[in-house]
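What Swiss-Prot records for this protein:
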ACT_SITE  Asp225  active site
DOMAIN    389-548  domain 'PA14'
CARBOHYD  Asn416  N-linked glycosylation site
CARBOHYD  Asn431  N-linked glycosylation site
CARBOHYD  Asn473  N-linked glycosylation site
CARBOHYD  Asn602  N-linked glycosylation site
CARBOHYD  Asn627  N-linked glycosylation site
Amino acid sequence: MTAKFDVDHVLNSISEDDKIALLSGTDFWHTYSIPEHNVPPIRTTDGPNGVRGTKFFAGVPAACLPCGTALGATWDRDLLHKAGVLLGQECLAKGAHCWLGPTINMQRSPLGGRGFESFAEDPHLSGTMAKSIILGCESTGVISAVKHYVGNDQEHERRAVDVMVTPRALREIYLRPFQIVARDAHSGALMTSYNKINGKHVVENPAMYDIIRKEWKWDPLIMSDWLGTYTTIDSLNAGLDLEMPGPSRYRGKYIESAVQARLVKQSTIDQRARKVLEFAARASQAPASAVESGRDYPEDRALNREICGNSIVLLKNEDTLLPLPKKIKKIALIGSHVKTPAISGGGSASLQPYYAVSLYDAIIEVLPDTEIIYETGAYAHKMLPVIDRMLSNAVIRFYNEPADKERTLLSTEPVNNTAFQLMDYNTPGLNRTLFWATLDGEFTPDVSGLWDFGLTVFGTATLYIDDEMVIDNTTQQTRGTAFFGKGTIQEVGAKELTAGRTYKIRIEFGSANTSPIKAIGVVHFGGGAAHLGAFLHMDPEQMVRDAVKAASEADYTILCTGLNRDWESEGFDRPDMDLPPRIDALISAVLDVAGDKTIIVNQSGTPVMMPWSDRARAIIQAWYGGNETGHGIADVLFGDVNPCAKLPLSWPADVRHNPAYLNSLSVGGRMLYGEDIYVGYRFYEKIGQVTLFPFGHGLSYTLFEVSPKVTVSPTAFTVETPLSATVRIKNTGPVAGAQILQLYVAAPTSATPRPVKELQGFSKVFLQSGEEKTVVISVDKYATSFWDGIEDMWKSEAGVYQVLIGTSSQDIVARGEFTVDETTFWTGV
């Protein structure tokens, strides 16, 4: 915490150069400081599910929370508030004043690369979860920068794509989560998106800023996404306060020239500088640590475990196969995710965790006397797993010259694995635009045989083992999707190795600009990156046979697989909803011999196809669960946690069923949001398409009974007076548990095309066995309103409305109704 300063005094005292310097960052994470006026540098930090700190490379470890869709699946305001507090506390430990989150874009397609970062396909649920996590974070003094405003709902050509969306869909679906934040949370900062909306980049569009500041009366600091500023004059005049990161590419001396040419007014510079100073004045009072460090307290671990367990969705549980008993003679654990948990997606969400609990280790804790058989069954990785536990004495040395020339060592950095991102790395004397590095280390395999190696790079790289070249990813390169869409495909090589023998590995690396690969529409963060992975070469058919044998011999089988950050990441979208190759075949083969005693655990941030689902008795959706992934899953499997989570998005049976299937790529620089307002369950219900699992679905180990009648008061609704819907619920099952009652509103008499029904409220209710409660859910003016494109206002239409209480969007258990006597138009929040 620094000394306070008076914004007016500083603004009136500083030079024009200082005012201009305030409008852009100084480096990857910090704003400009004016020490003589007590204006400190403000530190920002990623990411949506954790706090990385200031380093992508060799960073300080951090708490990794479950991913956005997992948080959304809790439908738990209080738990999200606690998650926000933890994120704020992590920021303070890292010396950061501003958390770059949460992400509240919409999953209009299950294929969006960052779909796992956002909370839900429904704007009400998304906005409500965002409100809770923001208020939690900002209660610590840390400012939340909600993102990405607006329309960055897919990664394909995200900097260049023109999102073509109707005003109604923009308002009702994509802007509404931000509108809820503006009304209920007032986060101190907002980040713009990379993309265009209807012909103009959001960052340069005055109309998009007017919605925030004039219509919603919300005045956050507005910053660009990283390298998401494209002009000097247009972005300044439109309303962008802060260009990130620094050093500036479009401000600085360019602003001076624009002012001299009277293309930017002095008053505009003063307005933007004032906003940055107000941001700094507030943020600097957060009690941030002077030294970047971690915390990893027992209470943090307990909270993370609670969040993970409460996020896990029980999709299917025929004949109450779950929960499993804790007295089991022999259990088979199958799948690479059993020992290598998927704790997060890729990109900004990826960080160095304090620790990661595997399902294997968690089950050993629960079943200390049980014989446990483990088989991989099939690989789920896209890139070979990074070398870590078999790596020793590894360092990276940095130079300004390539390896074939005489060169001067600039720095030496110890590393504990063979993956690195250097977008924000710097050391004295380093030429950031063009440099080279050498990674040296010792690799001691634990099994003899043929080992596969894979090398992916943003830049150039060559792998040597005992000075023999094994992979050349320098001479000829093929573009892939890694490293925010700028990397190569994985080039592979193989070498016969002996267990226990130590081999010298060496990677000769050239920074980003040594690569000839160019790409349109992706973000060029610079620096470069590389990923070296290794795995014992295995016969895939024999792996399946071994898994089948284990399942046939065990009393129970847990098959845990899915996606990971190789498949779901910032920088690219998925091409399909498929699980990794051979996974479906593995699951089918295991179900053939042990279907009556097998539980399928899927880890993914968004839906995957499950062609075997009708044959599986029990299916669990475990998302990306953070540090406590293994514990969270085991808690649900063995009944220590009664599952209560609900899907925050619809789960289509086939990728071709999803509403954005024909419009999920940038074509000719444009992407048509052809589904309009019919996103997610709104689409499936409108056309009568059955999903594999509906929005809001999730089972429990207990039973609930809800009174069939909803009492609505008052029965005549106006936009000035919210109404209340009251219903009774009882836990009629054998154990305590929670049910999430979802309130949908339908407008059957409306002359305007509308969804069959829309989520407008919810309540998570915890009940002991036999306990009964009265639940009251409030409904506000959003429930009866749609965006009138002719009047350019919200319209609450006269008519009869139905209140539908469901345990999912498909399972409606109670009904009521109310009327709106008079049509009303309104604006604002």
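Cβ atoms here come from the backbone N, Cα and C positions, even for glycine.
Take the CB of Asn473 (N-linked glycosylation site) and look out to 10 A: across all protein chains shown you find 28 other CB atoms. In the predicted model, residues of the domain 'PA14' (389-548) average a pLDDT of 96.
Listed in sequence order, Ala63, Cys64, Leu65, Arg301, Asn304, Ile343, Pro353, Tyr354, Tyr355, Ala356, Val357 are the same-chain residues at least 6 apart in sequence whose CB falls under 8 Å from the CB of Asn627 (N-linked glycosylation site). DSSP assigns Asn627 (N-linked glycosylation site) to a helical segment in the three-state reduction.
Non-local neighbourhood of the residue listed as 'active site': Lys147, His148, Asn152, Met191, Thr192, Ser193, Tyr194, Val203, Met244, each in the same chain, at least six residues away, with C-beta under 8 Å from its C-beta. Closest in space to Asn416 (N-linked glycosylation site), of the glycosylation sites given as Asn431, Asn473, Asn602, is Asn473, taking the CA atom of each residue. When the glycosylation sites Asn416, Asn602 are compared by the number of other CB atoms within 10 angstroms of each CB, Asn416 has the fewest. Under DSSP, Asn473 (N-linked glycosylation site) is assigned to a strand (E or B) in the three-state scheme. Annotation note: Asn431 (N-linked glycosylation site) sits in a coil segment as assigned by DSSP. In sequence order, Asn400 constitute the residues six or more apart from Asn431 (N-linked glycosylation site) in its chain with CB-CB distances below 8 Å. DSSP assigns Asn602 (N-linked glycosylation site) to a strand segment in the three-state reduction.
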